[in-house]
């Protein structure tokens, strides 16, 4: 569950297969509320689904090409989608079927999307080497920063802070100060392309994942965001590119855990503080 609650204990149940909502490959998915998720795909659409029933509650169509990222503002009825058509759109969960706001301005596919904790600003990143900041209400671009070879792969806002973590194809994880849209910190460049990132709910730790092949690379890395800003731990076990990662909600009497997904067709759950696999 998105809120961390558990419906039952005991042996793990088989995964539920829900009916298809998209007509082509699903490229992105994110939690919207404890019972709803938002997804985007190659069919250029954004869908809101109820995970328990599998029903599609809303379907938004407006992008001209594949939807690459989706996200939502916490405690908000607004959903954001990024696309290969170089634009970002905002949708109202209870509004019309069309987008309520457009955010054009990137020169290439938009590959990063993050909403501020107060849901007033949006940060986007692209393969055009830029990160942009937007006013959600007006759609105005409040800032644009470019770094050579900074092909953005993912963005994640630090909870309760004005900072945004970003991964890149230049093998670097950067922490942006959204107020001036300047790099506040850059972790040492890694051996492989950094494909995604996530930040712990308390804002103290960051996860990143990397590309890999035939058992080389594909690791996830835990970073300290607040004190030493050093690498804390690595999680190795995937045999291909690790494409995404997430800090899992902590249940009663359970150790902190993370999950990673990979092109090797597996999802792995790790004990965060020991690196052991569950």
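Any Cβ shown, glycine's included, is placed from N, Cα and C.
As given in TrEMBL:
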{"type": "REPEAT", "residues": "60-93", "note": "repeat 'WD'"}
{"type": "REPEAT", "residues": "103-144", "note": "repeat 'WD'"}
{"type": "REPEAT", "residues": "152-186", "note": "repeat 'WD'"}
{"type": "REPEAT", "residues": "235-278", "note": "repeat 'WD'"}
>> Do any residues, 6 or more residues outside the repeat 'WD' (152-186), come within under 8 Å Cβ-to-Cβ of it, and if so which ones?
In response: 111-117, 121, 123-127, 129-131, 133, 142-145, 192-199, 201-203, 206, 208-210, 223, 225, 229
> the repeat 'WD' (60-93) and the repeat 'WD' (103-144): do they have three or more Cβ pairs under 8 Å, with pairs 6 or more apart in sequence?
Replying inline: yes
